[in-house]
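Trainee: The structure is given below, and queries will be raised subsequently.
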Amino acid sequence: MAVTKLVLVRHGESQWNKENRFTGWYDVDLSEKGVSEAKAAGKLLKEEGYSFDFAYTSVLKRAIHTLWNVLDELDQAWLPVEKSWKLNERHYGALQGLNKAETAEKYGDEQVKQWRRGFAVTPPELTKDDERYPGHDPRYAKLSEKELPLTESLALTIDRVIPYWNETILPRMKSGERVIIAAHGNSLRALVKYLDNMSEEEILELNIPTGVPLVYEFDENFKPLKRYYLGNADEIAAKAAAVANQGKAK
């Protein structure tokens, strides 16, 4: 049976991950640790014999720079790349820039967990005159006002990620090309929920660690057979637990 593989990588630790702040569409770069995580992901993929024909990422530099570092370690810096806002992190609305633990102290752990992980729960909206509104950013100049979020739930993130998967990424895989996607915790959770047909309760508890390759294997009909992380299982579990704990009051 022919097996097709897809590799997903959540960007390495960003400066705002390090500071435990809600990031969303804010364009913050990788921390030094994040660069190291991205390079380590590339080295691991190389050791495991992976190479690719095409790459996808978001229009946010923490994902773009993660992909650069991964491809550099693979000696595939030349690889064609498509960047799309549809792979951006979920938009966190008026929470963007706020410290997660301080927000939990103010509103309670459960409210922040729902804002972070609730399927249809949206954080408080931005206003259009807020400097954080994406309509002020030239990279989104071609988007309609309807496409520009003031906030997003995971459900709304799915509404943009999955059509992009079905219309753009999957056809390329079906043509025989080997694909890697470097994106974000919630855009990747959106894809995992769809591919694995997860319930809203199951996806609530899924935390994707930074800078760890996540491999999907598909059958000849492009139905997922299994998914697994590359690397040390204990280290990966610890990183995922750390992601889960970010939204708790100290």
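Glycine residues also receive a Cβ, built from the backbone N, Cα and C atoms like all the rest.
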Trainee: Which residue among Lys46, Lys100, Lys146 does Swiss-Prot mark as N6-acetyllysine?
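Mentor: The candidate carrying the N6-acetyllysine note in Swiss-Prot is Lys100.
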Trainee: Can you dig through Swiss-Prot and tell me which residue of Lys18, Lys113 is labelled N6-acetyllysine?
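Mentor: Going through Lys18, Lys113 one by one, Swiss-Prot annotates Lys18 as N6-acetyllysine.
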Trainee: Look through Lys106, Lys128 and state which residue has the annotation N6-acetyllysine in Swiss-Prot.
Mentor: Lys106
Trainee: Work out the three-state DSSP category of Glu13 (substrate binding site).
Mentor: coil
Trainee: Looking only at C-alpha atoms, tell me how far Trp16 (substrate binding site) is from His184 (site 'Transition state stabilizer'), rounded to the nearest Å.
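Mentor: Roughly 13 Å, rounded to the nearest whole number.
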Trainee: Among the recorded positions His11, Lys106, His184, which ones place their C-alpha within 10 angstroms of the C-alpha of Arg90 (substrate binding site)?
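Mentor: Among His11, Lys106, His184, the ones whose Cα sits within 10 Å of that of Arg90 (substrate binding site) are His184.
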